[in-house]
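K.L.:
Take a look at this one; I'll ask things after.
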Amino acid sequence: MSQKRRPSRNEKEVMAGGNTPLLTGQSSSYGADPAAASTGSPGRDAPKSSTWATRIASKPANMLIFFTMANVLLYLDRGAIASAGVNGSLDTRTCVPVAHCELRNNTCALLPDSPADVKCSMQGSPRHGFQGDFNLDGAQDGWLQSMFLVGLLVASPCFAFAAKSKDNIRLCGLGLVLWSTAVVCCGFTFDFWSLAICRTFVGIGEAALITIVPNFIDTCAPSGQKTKWLAVFCVAIPSGTALGYAYGGLVAWLLHWRFAFFIEGVMMLPLMCFAFLVPISTLDYWPKHKGGAQSPQQSLEPQGFSKYVSGAASALRDMRLILSNRVYVLGAVGYCVYSAMMGVYAYWGPKAGQAMYPDVAKYGSADTVFGLVTVVAGIIGTMLGGFLLDRAGVSVAASLLLCAVMTLCGCVIMIFTLFLCHTVEMFILAFTAGLILIFSIQGPINIVAMWTTPYILRPFACALYTVSIHVFGDVPSAPIAGMVHDKFYAKYNQTKDKALSDDLAWRRTLELATYIGVLSVVFWAVGFVSQYFWPKKVVGEDEGKGAEYQTLGGEDGSNGRV
């Protein structure tokens with residue numbers, strides 16, 4: 001079957017002046033051969049020798065699988081460090097009834113003058129995990145999550161800016177190398193500060209993937225399947241986190257909490273090697289960086305220190321252009337509030353579930369049960385969000401409306417769960433239903449981030465989203481929730497036993513976090529309504545930019561205009 005002739009380089013340059021979304025000074029196969037681009041067949045410059053990396057990278061769908069697998073491992077690490085097995089706890093043992101029993105030499109003994117017929121029993125567990133080994137309080141434990149996110153938010157803009165001129169797949173490989181090295185080092189830590197430093201570098205490594213991949217999906221996904229591809233990639237967030245809960249608890253029980261980090265580094269090794277072995281020429285469906293001989297225009301670019309000054313000025317101009325879109329900003333603020341709530345549930349969930357429902361042990365450990373609930377709810381919710389958005393018509397307005405409605409309904413169910421569910425069975429059912437609705441916004445919120453920004457700036461826009469949701473979202477929320485729990489625990493522990501005090505303290509803490517999450521609905525609703533009352537503006541059209549600086553959303557570009 002014959003194919004259309006590929007245009008020459010001159011013909012491509014002419015085509016780049018139209019609506020083809022090319023990066024400045026770059027070439028792409030979009031305008032060359034739609035059939036070849038959609039199937040991901042290698043370009044004419046592809047190597048003749050067929051290696052395993054070449055065969056995998058020849059199709060965009062295979063690259064989606066690669067990125068999704070890497071994302072699963074990234075979030076598996078997040079779940080593992082939050083699991084009750086790896087995270088652990090301080091000594092929570094108490095002897096009941098407290099009026100007649102006390103803990104003495106690791107056993108329960110009767111107090112003097114207590115009736116002889118009283119039987120003492122022990123509740124809780126001795127200290128374990130890195131919290132027990134390093135003797136961390138709730139605030140220090142929460143700051144470990146924050147240090148990880150500090151590394152993530154600092155590195156995200158750097159990788160996003162580098163993505164404009166460097167090979168994106170190699171940047172992903174560099175990030176995976178940093179991530180794997182830092183994760184293995186976490187297993188050798190000896191105190192709070194050594195673990196905090198290692199977690200910071202874990203975040204730096206993760207930043208490469210999360211800033212580059214969303215733009216790859218929006219660029220290379222087949223027509224009409226962008227939301228589905230985003231949903232597949234975003235499924236890794238809840239499923240990887242949930243697997244991490246179960247994985248961390250299992251490894252800590254079988255071996256030691258340190259081995260959870262060692263094994264993670266080994267699992268990432270094949271994906272890390274693939275990112276460096278795949279030939280760049282195979283990725284003809286993905287816009288390349290500026291390469292080859294230096295053109296006269298490139299030779300006039302600033303060099304040395306002035307090059308970095310020029311780059312910083314360019315980044316500030318790009319940021320101003322992105323933040324000039326009101327809907328982008330409202331979506332980001334709502335996502336920050338949403339992330340603050342989810343940060344509390346993600347980091348403290350297994351430990352809180354174990355404290356609120358001790359009888360969860362009849363179904364397995366709290367890590368296993370909480371992980372299973374999260375993975376089921378995450379997969380169903382993420383795919384549900386993509387399905388509903390496709391049925392409603394993929395647009396920024398529909399995405400914001402879906403985010404607002406689903407988050408509001410999910411938060412209402414969560415509050416119902418905390419107040420009225422007194423058995424572990426009721427909790428599992430209600431909590432799963434609430435998580436399904438809350439997780440359904442993963443695809444739509446990424447549509448808002450990308451379709452309200454110029455094509456060439458989408459990696460930077462995603463990086464700004466990442467930075468903002470962590471700086472104002474789950475970075476402060478995890479340690480603050482730990483401190484709030486400690487305050488509630490100290491208050492209730494004056495009149496109640498340790499187990500009941502811990503139960504009530506976690507319920508009040510999660511209740512406050514859910515109320516905060518409801519605020520995200522307000523910002524997304526304002527963003528939805530604003531499109532009908534505020535003047536519409538195409539980002540970049542008054543900046544004198546080229547076609548690549550115009551906001552291009554769907555197949556015709558209209559869906560992204562806000």
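Numbering starts at 1 and runs along the chain as displayed.
A Cβ is built for glycine as well, from the same backbone N, Cα and C atoms used for every other residue.
Sharing the record's features from TrEMBL:
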type: REGION; residues: 1-51; note: region 'Disordered'
type: COMPBIAS; residues: 21-30; note: compositional bias 'Polar residues'
type: TRANSMEM; residues: 56-76; note: transmembrane segment
type: DOMAIN; residues: 63-539; note: domain 'Major facilitator superfamily (MFS) profile'
type: TRANSMEM; residues: 143-162; note: transmembrane segment
type: TRANSMEM; residues: 169-190; note: transmembrane segment
type: TRANSMEM; residues: 196-217; note: transmembrane segment
type: TRANSMEM; residues: 229-247; note: transmembrane segment
type: TRANSMEM; residues: 259-280; note: transmembrane segment
type: TRANSMEM; residues: 327-348; note: transmembrane segment
type: TRANSMEM; residues: 368-389; note: transmembrane segment
type: TRANSMEM; residues: 396-420; note: transmembrane segment
type: TRANSMEM; residues: 426-448; note: transmembrane segment
type: TRANSMEM; residues: 512-534; note: transmembrane segment
K.L.:
Can at least 3 Cβ pairs under 8 A be found between the transmembrane segment (229-247) and the transmembrane segment (368-389), with each pair 6 or more apart in sequence?
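P.N.:
Between the transmembrane segment (229-247) and the transmembrane segment (368-389), contact is present.
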K.L.:
Please give the sequence-distant neighbours of the transmembrane segment (512-534): residues at least 6 beyond its ends with Cβ less than 8 Å from one of its Cβ atoms.
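P.N.:
Counting only partners 6 or more residues beyond its ends, the transmembrane segment (512-534) has Cβ contacts under 8 Å with 326-327, 330-331, 333-338, 340-342, 344-345, 396-397, 400-401, 403-404, 407-408, 411, 414-415, 418, 438, 448, 477, 481, 484, 562.
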K.L.:
Hey, which bits of the same chain come close to the transmembrane segment (396-420), Cβ under 8 Å, at least six residues off its ends?
P.N.:
327, 330-331, 334, 338, 341, 385, 388-389, 426-427, 430-431, 433-438, 440-441, 444-445, 447-448, 451-452, 507, 510-511, 514-515, 517-518, 520-521, 524-525, 527-528, 531, 553, 559-560, 562
K.L.:
Give the nonlocal contacts of the transmembrane segment (196-217) in its own chain as ranges (CB under 8 Å, at least six residues past its ends).
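P.N.:
Sequence-distant neighbours of the transmembrane segment (196-217): 63-64, 67, 70-71, 74, 77, 81, 143-145, 147-156, 158-160, 163, 168, 171-172, 174-183, 185-186, 189, 226, 229-230, 233, 286, 446, 449-450, 458-459, 462-463, 466.
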K.L.:
Sort out the residues at least 6 away from either end of the transmembrane segment (327-348), same chain, that have Cβ-Cβ distances under 8 Å to it, and list them.
P.N.:
78-79, 82, 142, 145, 241, 396, 400, 403-404, 407, 411, 438, 441, 445, 448-449, 452-453, 461, 464-465, 468-470, 472-478, 481-482, 485, 506, 509-510, 513-514, 516-517, 519-524, 526-527, 530-531, 562
K.L.:
Report, as numbers and ranges, every residue of the chain located at least six residues beyond the transmembrane segment (169-190) whose Cβ falls under 8 Å of a Cβ in that stretch; write 'none' if there are none.
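P.N.:
That would be 67, 70, 74, 77, 130, 159, 162-163, 198-202, 204-209, 212-213, 258-262, 264-265, 268-269, 271-272, 275-276, 278, 280, 283, 286.
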K.L.:
Can you give me the average pLDDT across the domain 'Major facilitator superfamily (MFS) profile' (63-539), rounded to a whole number?
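P.N.:
A mean pLDDT of 81 is what the model gives the domain 'Major facilitator superfamily (MFS) profile' (63-539).
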